[in-house]
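The next block holds one structure in the form of structure tokens; read it before the comments.
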Amino acid sequence: MLSVISFQNIFWHHKLATSTFAKLLYTSNSVCECPVFKALRLRNSCDKHTMAKSRFEYVRDFELDDRCLPNCWLVVRIDGHSFHRFSEIHHFAKPNDDRALQLMTYSAQSVMDEYKDIILCYGQSDEYSFVFKKNTKLFCRRASKLMTNVVSLFTSTFVFTWSRYFSTQDLKYPPSFDARTICYPSDQNLKDYLSWRQADCHINNLYNTCFWKLVQEKSLSPAESQARLKGTLSSDKNEMLFTEFNINYNNLPEIYRKGTILIRQKKNEESETFTSITSSNTQPKKCLPRILTLNVDMIANKFWTEYSYLLER
């Protein structure tokens, strides 16, 4: 009996979702605030773009519906593919190459400029994360569309502007980046994700700083350096840097220790509009928020208190 009722419910909902009545209902103001109808209305609007009618149109049925859940933060993370080899062939400075970090940040800024629904980017080493608004409808929230557009623009910008940052180093072969899209339902989930990436930045940078100091200044081989660092704690690595190399890890540039954060500057009421003085027919225009580059701690609450507007709807 239960299976029959379940089947009837599924059948009724399917008919409702595909009926003309449902399509009218989804656009009704009386239910516009209902999350379920919002999602269905979005799905219906996304399905309007169909290919020309032909007998071959059935092939669209093989496409996967990869629209992300509504009311979730969407994060696209891109990561360099085989960048260990890429950095060696292009003679990156170790453990950190300022040119590469600046090029990565410029490429991320170009993505942020293109897609206004990105509220924050975080990058370290050969990766960048792009956080989209909870209510974004960009590409109908399709995971594949979001990540392919982000990673392709990022990669093409990286290649196109390579010579600006590596003026004496030719690009020997094109780099590639992989990408993924992740949904985070709560603000805390998003904060924890970004904290995880920043903690990863610190752990990797501390290890790499020790590793390359042993290779470059103690003339250890890579295998010997790995063996020396095996099983050491963060406190051990900090002690090694201080006693053997006279380096206080906390005094290293913050971009190495904390990564790079890109956010949009909050619009002040006074500067929300401006008027062009060169135009005879002056019309107020919206000012686009300036992108700020920060190298600060995101794990502590101070960041989210100071930039609380980032999580506002």
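For all residues, glycine too, the Cβ spot is worked out from N, Cα and C.
Unlike curated records, TrEMBL annotations are generated automatically.
According to TrEMBL, the Mg(2+) 1 binding site annotation covers D79, G80, D126. If you take the C-beta of D126 (Mg(2+) 1 binding site) and look for same-chain residues 6 or more apart in sequence within under 8 angstroms, you find D79, G80, F83, S87, A100, M104, F177.
Under DSSP, D126 (Mg(2+) 1 binding site) is assigned to coil, being neither helix nor strand in the three-state scheme. Residues or ranges marked as Mg(2+) 2 binding site in TrEMBL: D79, D126.
Taken from TrEMBL, the feature GTP binding site covers D79, G80, H81, S82, F83, H84, S125, D126. Sequence-distant contacts (6 or more apart, same chain, Cβ under 8 Å) of S125 (GTP binding site) comprise G80, F83, C201, N204.
Among the features that TrEMBL reports, domain 'tRNAHis guanylyltransferase catalytic' is placed at 56-185.
Marked as domain 'Thg1 C-terminal' by TrEMBL: 188-299. Using DSSP to sort the residues of the domain 'Thg1 C-terminal' (188-299) gives these counts of helix, strand and coil: 61 helix, 13 strand, 38 coil.
Counting every protein chain shown, the number of other Cβ atoms lying within 10 Å of the Cβ of H84 (GTP binding site) is 10.
Its own atom aside, the Cβ of H81 (GTP binding site) has 13 Cβ atoms within 10 angstroms in the protein chains shown. All chains included, 20 other C-beta atoms sit within 10 angstroms of the C-beta of G80 (Mg(2+) 1 binding site). Other Cβ atoms within 10 Å of the Cβ of D79 (Mg(2+) 1 binding site) number 15 in total over all chains. Between the listed binding-site residues, namely S82, F83, the fewest other CB atoms within 10 angstroms of a CB are found at S82. DSSP assigns D79 (Mg(2+) 1 binding site) to a strand in the three-state reduction.
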